[in-house]
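So that you can see what the record holds, here are the features copied from TrEMBL:
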type	residues	note
TRANSMEM	6-24	transmembrane segment
DOMAIN	6-419	domain 'Major facilitator superfamily (MFS) profile'
TRANSMEM	45-68	transmembrane segment
TRANSMEM	102-122	transmembrane segment
TRANSMEM	134-154	transmembrane segment
TRANSMEM	166-188	transmembrane segment
TRANSMEM	238-262	transmembrane segment
TRANSMEM	274-294	transmembrane segment
TRANSMEM	301-320	transmembrane segment
TRANSMEM	326-349	transmembrane segment
TRANSMEM	361-380	transmembrane segment
TRANSMEM	392-414	transmembrane segment
Amino acid sequence: MDCDSILPFVSVMYLFASLTRGNIGNARLGGIEKDLDINGKQFHNIVTMFFVGYIICQIPSTMATRIVPPSKWIGFVMVIWVSANSKCQLGNLFSLVYPARFFMGCFQAGLGPGVPLLLSYWYKREEMARRMSIFLGSSTLAGLFGGVFAYAVIRNLDGSHGLASWRWLFIVEGVPTIFIGILCFFFLPNYPHTASKYFLTPAERELAIKRGQSGGNKDTKTFSKHQMLKAVLDWHNWLAIVVYLGLNVCLSSFSTFLPTIIKAMGFTSLQAELLTIPPYATGCFTLVLVSWLSDLTKQRAFCIMVTTMVAALGYILLIIGKDISMKYAGAILVGAGVYPIIPLTLTWISNNNLGHTKRGTALAMTGTVAQCFSILGSQIYKKSQAPTYREGHGVCLAFMCLSFCMALLLRIGLARENCQKDRLYGKVDEMQPKVMEDTEKLYDKHPSFRYFL
């Protein structure tokens, strides 16, 4: 069965989503502040507007996949968010850039939690971290390619046809995104039971359905208010959200301000664009490696805690570093530590919520709350802190420590509940048919369900 053929599709989608979302940081070195006559505070507010739109539309956009087939919805929003982003290169600050970034956030909101929800119907729980790492790892490739694209555009296209280099950056990265959105609309599979014969044979479709049901995926058609309420009241989800919000503070600031941070070390704008590549490349490598180890060992919390410590060490080096090499090593460690936390946390949440609506609500809640803290991340690196940016690094260090503590606490709580189920019902492989109840009524409280730790 070739279920993995869905991965390249969604990964390329997320790569271009990350490119169009993060190119505002590259555009800063391309002269957007000078051309639009904006100051540092206004630039931070432009970055923030994306997250405001993202927060407002996160849950509605995710729940829309219950009404509209995921392929149609995701393809539609991709085309719309590029259209919004294109407005940034057409006008001035007050007429277009603020609303453009806001609506771009609105329409990107469904992609982050929507695709993990979709993938949970194609893969077993113990397979999800690796697949999520490939999907979300494309954001590190976006950072890597974004630096290369920005370098090439700033060097070769500045002034071409009367357009500044940062305007060309939005165009060059936006056009292929529209093309990908159109392909998604027509060709991205939705659920195993609706996959066409060109994607799965009848035998493969039957196997894919059984694989999904082994993880409790049985309901794909109806919206359940009861499941939604259960997700909101589940304390596991709220601890996981705290883990993820700590990550989002660091991720939003790192992906936007890394070129600025590197330039402040003493490099030129073009050098800074190229020097963003190693941190992203390292992040891509560790993301795939740690996710593979997480699936192999079936451990989520320990992997998250290790990577938060790596990122924390990176921020410490950025704060105390006396020379360029130590500071740059810190930036690389931050990339290596921050990016693996994304697929691990979202996979952990997906693994531990049964029921389509409950899982979708949990993922959307995570994105919504965490993106509120992305607003904080977009504001902590002020120009007044240059060239050290110690205050911004200190905030990120504190949130990495918070994520570490919450991951440890959540693991302890989940392990305790697993032990309680073992005492009441016996080990999973000792289950008797008489205690097998409908998962759609009990969700993750089902006697045969055990939480991933």
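Glycine too: its Cβ is placed from the backbone N, Cα and C atoms.
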(request) Give me the stretch from 6-24, 45-68, 102-122, 166-188, 361-380 with the greatest number of Cβ pairs under 8 Å to the transmembrane segment (134-154). (result) 6-24
(request) Grab the same-chain neighbours of the transmembrane segment (45-68) for me: Cβ-Cβ under 8 Å, and only residues 6 or more beyond its ends, written as numbers and ranges. (result) 21, 24, 38, 76-77, 93, 97-99, 101-110, 112-114, 117-118, 222-223, 252, 256, 356-357, 360-361, 363-365, 367-368, 371-372, 374-375, 378-379
(request) Would you kindly list the residues that approach the transmembrane segment (392-414) from elsewhere in its chain, counting only those six or more residues past its ends and only Cβ-Cβ distances under 8 Å? (result) 235-236, 239-240, 242-247, 249-250, 253-254, 257, 300-302, 304-305, 308-309, 311-312, 315-316, 318-319, 334, 337, 341, 352, 373, 376-377, 380-382, 385, 451-453
(message) Can you tell me which parts of the same chain pack against the transmembrane segment (166-188), counting only residues 6+ beyond its ends and a CB-CB cutoff under 8 A?
(response) 6, 9-10, 12-13, 16-17, 19-20, 23, 26-28, 30-32, 35, 70-72, 74-79, 82-83, 85-86, 88-89, 146, 149-150, 153-154, 157-158, 160
(message) Suppose you look only at the domain 'Major facilitator superfamily (MFS) profile' (6-419); what would the mean pLDDT be?
(response) 87
